[in-house]
């Protein structure tokens with residue numbers, strides 16, 4: 001049996017950089033405002049994994065109303081989510097992550113993001129795709145107000 005999950009996350013720019021995205025520090029003059037480290041890519045990916053096993057979303061498991069998660073490392077949250085996936089008898093087939101941002105430029109960091117995600121999800125890098133796009137200066141991402149990310153995962157019964 002296979003299961004598919006979809007995740008989405010958005011964070012607004014603010015404060016000092018860098019931007020943490022895909023588990024990688026990307027130099028930028030601003031960071032992202034969030035309760036945790038604000039890693040929109042890993043948040044969307046975590047939501048996709050939780051959705052695939054019908055386990056809600058990261059807000060349910062790591063609420064921003066709980067100081068325990070303040071400044072949390074999203075890579076650790078992702079690992080915890082993947083532990084839940086494995087407990088349900090599934091493993092990752094593949095993941096596809098789309099970062100939507102006018103800035104900063106993501107291309108130089110994509111390979112490092114793929115490596116970090118593959119490591120955290122205990123899979124081969126060939127099972128992880130990360131790509132970035134702009135909105136051609138349209139909308140809040142085009143105005144450089146924040147970053148959005150979508151993620152899709154395929155899980156396979158072990």
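Just so it is clear, glycine is given a Cβ too, placed from its N, Cα and C backbone atoms.
What Swiss-Prot says about this protein:
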type    : residues                                              : note
BINDING : 9, 11, 43                                             : divalent metal cation binding site
BINDING : 9-11, 35-36, 57-59, 62-66, 101-107, 133-136, 140, 143 : 4-CDP-2-C-methyl-D-erythritol 2-phosphate binding site
SITE    : 35                                                    : site 'Transition state stabilizer'
SITE    : 134                                                   : site 'Transition state stabilizer'
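Feature map: annotations from Swiss-Prot on the structure.
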residue: 9; record: divalent metal cation binding site; contacts (Cβ under 8 Å, 6+ apart): 40, 41, 43, 44, 47, 148, 149
residue: 11; record: divalent metal cation binding site; contacts (Cβ under 8 Å, 6+ apart): 32, 33, 34, 38, 40, 146, 147
residue: 35; record: site 'Transition state stabilizer'; contacts (Cβ under 8 Å, 6+ apart): 64, 69, 70, 71, 72
residue: 36; record: 4-CDP-2-C-methyl-D-erythritol 2-phosphate binding site; contacts (Cβ under 8 Å, 6+ apart): 43, 62, 64, 69, 70, 71, 72, 73, 74, 77
residue: 66; record: 4-CDP-2-C-methyl-D-erythritol 2-phosphate binding site; contacts (Cβ under 8 Å, 6+ apart): none
residue: 104; record: 4-CDP-2-C-methyl-D-erythritol 2-phosphate binding site; contacts (Cβ under 8 Å, 6+ apart): 19, 26, 27, 28
residue: 133; record: 4-CDP-2-C-methyl-D-erythritol 2-phosphate binding site; contacts (Cβ under 8 Å, 6+ apart): 98, 99, 100
residue: 134; record: site 'Transition state stabilizer'; contacts (Cβ under 8 Å, 6+ apart): 100, 101, 102, 141, 142
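Every protein chain considered, the tally of other Cβ atoms within 10 Å of the Cβ of residue 140 (4-CDP-2-C-methyl-D-erythritol 2-phosphate binding site) stands at 16. With a 10 A radius on its CB, residue 43 (divalent metal cation binding site) counts 28 other CB atoms from all the protein chains. Under the three-state DSSP scheme, residue 11 (divalent metal cation binding site) falls in the strand class. Cβ contacts within 10 Å of residue 62 (4-CDP-2-C-methyl-D-erythritol 2-phosphate binding site), excluding its own Cβ and spanning all protein chains shown: 20.
Those residues of the chain, other than 9, 11, 43, with a C-beta within 8 angstroms of the mean position of the divalent metal cation site C-beta atoms are 10, 32, 34, 38, 39, 40, 41, 42, 44, 147, 149.
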